[in-house]
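Chemist: Grabbed the feature section from Swiss-Prot, which reads as follows:
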- 209-338: domain 'EamA' (DOMAIN)
- 196: N-linked glycosylation site (CARBOHYD)
- 1-16: topological domain 'Cytoplasmic' (TOPO_DOM)
- 38-47: topological domain 'Extracellular' (TOPO_DOM)
- 69-74: topological domain 'Cytoplasmic' (TOPO_DOM)
- 96-109: topological domain 'Extracellular' (TOPO_DOM)
- 131-141: topological domain 'Cytoplasmic' (TOPO_DOM)
- 163-196: topological domain 'Extracellular' (TOPO_DOM)
- 218-229: topological domain 'Cytoplasmic' (TOPO_DOM)
- 251-264: topological domain 'Extracellular' (TOPO_DOM)
- 286-292: topological domain 'Cytoplasmic' (TOPO_DOM)
- 314-317: topological domain 'Extracellular' (TOPO_DOM)
- 339-410: topological domain 'Cytoplasmic' (TOPO_DOM)
- 17-37: transmembrane segment (TRANSMEM)
- 48-68: transmembrane segment (TRANSMEM)
- 75-95: transmembrane segment (TRANSMEM)
- 110-130: transmembrane segment (TRANSMEM)
- 142-162: transmembrane segment (TRANSMEM)
- 197-217: transmembrane segment (TRANSMEM)
- 230-250: transmembrane segment (TRANSMEM)
- 265-285: transmembrane segment (TRANSMEM)
- 293-313: transmembrane segment (TRANSMEM)
- 318-338: transmembrane segment (TRANSMEM)
């Protein structure tokens, strides 16, 4: 039994390392999406056409993999599953699509990333309300998850609202290739009216609600439909359908559907294959293995990644407030992850201590047999359950179980 517990712990440790590495890579992938999506919109790519191309490319990447790799895992497709996939697409693809609002508010890519750092708190509340996340307020692990979530959101808020003195650029780009790809960032439409800024903030907060709902809803769907790639494929498919319906009303000019430059092609390919196809697949795997709160709590790391990438690629200034916020985010992330790890550890210990025999009468007979055999000089069976008392009640000594093998010899 001890070897089984150790084996479970080793598997848990190796999987936990994979989950952390996957989530870190995922946040840097999304950070790159903030950069290239800003470039795409400033190059003139339609804010309706862009997500259509993005999700078509993602479907082209994930669809064949799901079809061939999950033939045996994929349950029968029913109307109930189709409705759930449609709702996932409505929240995760259409509802949370930041592209529709980037034209208004994405003057500094760090802002769009930072305002989304309310996602951990919203996801935590949703998951707790739906009982997908256990919160033991009276225990250390529960308090650590609550305090860590607040710290992550607070750190992201500091990065957004407090700049502080500037710090030297991490690296100032001087390559002509970089300038040619991202010269559209220095467009003339970077000054926004206050009403547009406010509208954009409200829209982004609505997207955060949709993003949190998407993360939380995937967990119960995966329990009934365990084929992860297939769920992602159906989500992208319905997302394409929904955006095509939107485009039929708001983007009727065929000229906007054309790709005019290599820069536009690069941004669309990155958004489709990296920020959608690969990212969605990694994210749903992490949700399945780590839970929705585990995935959401990594969201503030995206703010740090965007700030670093914006400083490297765009030459944006890095401020002291960003350092303070990043430290607070890291502390909060550690607290949440420690809380979840402690919760699993306590769960394993509780499961180990609560192991009971399946058939209680058989165990009663087994205990009596142990005593009778011991009285005859035979070594008792040492494979009894851990839940049996070490000192048996003396009343069992008077129990006489008739058995041919135990009859006294004349």
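Please read every residue number as a count from 1 along the shown chain.
Every residue gets a Cβ built from N, Cα and C, even glycine.
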Chemist: Considering pairs 6 or more residues apart, do the transmembrane segment (318-338) and the transmembrane segment (142-162) have at least three CB pairs under 8 Å?
Modeler: yes
Chemist: Would you say the transmembrane segment (75-95) and the transmembrane segment (230-250) are in contact under the rule of three or more C-beta pairs closer than 8 Å, pairs 6 or more apart in sequence?
Modeler: yes
Chemist: Would you list the DSSP helix, strand and coil counts for the residues of the topological domain 'Extracellular' (38-47)?
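Modeler: Going through the topological domain 'Extracellular' (38-47) residue by residue, I get 6 helix, 0 strand, 4 coil.
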Chemist: For the transmembrane segment (265-285), which stretch among 48-68, 75-95, 142-162, 293-313 has the most Cβ pairs under 8 A?
Modeler: 48-68
Chemist: I need to check the long-range neighbours of the topological domain 'Cytoplasmic' (218-229): which residues 6 or more away from its ends have a CB within less than 8 Å of a CB in the stretch?
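Modeler: Contacts with the topological domain 'Cytoplasmic' (218-229): 62, 65-66, 69-70, 73-75, 81, 84-85, 88, 92, 127, 130, 132, 281, 284-285, 287-288, 291-292.
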Chemist: What does the DSSP secondary structure composition of the topological domain 'Cytoplasmic' (69-74) look like, as residue counts for helix, strand and coil?
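Modeler: Summed over the topological domain 'Cytoplasmic' (69-74), the classes give 1 helix, 0 strand, 5 coil.
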Chemist: Write out how many residues of the topological domain 'Cytoplasmic' (131-141) are helix, how many strand and how many coil, based on DSSP.
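Modeler: Secondary-structure composition of the topological domain 'Cytoplasmic' (131-141): 2 helix, 0 strand, 9 coil.
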Chemist: Tell me, what is the mean pLDDT of the topological domain 'Extracellular' (314-317)?
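Modeler: That region's mean pLDDT is 70.
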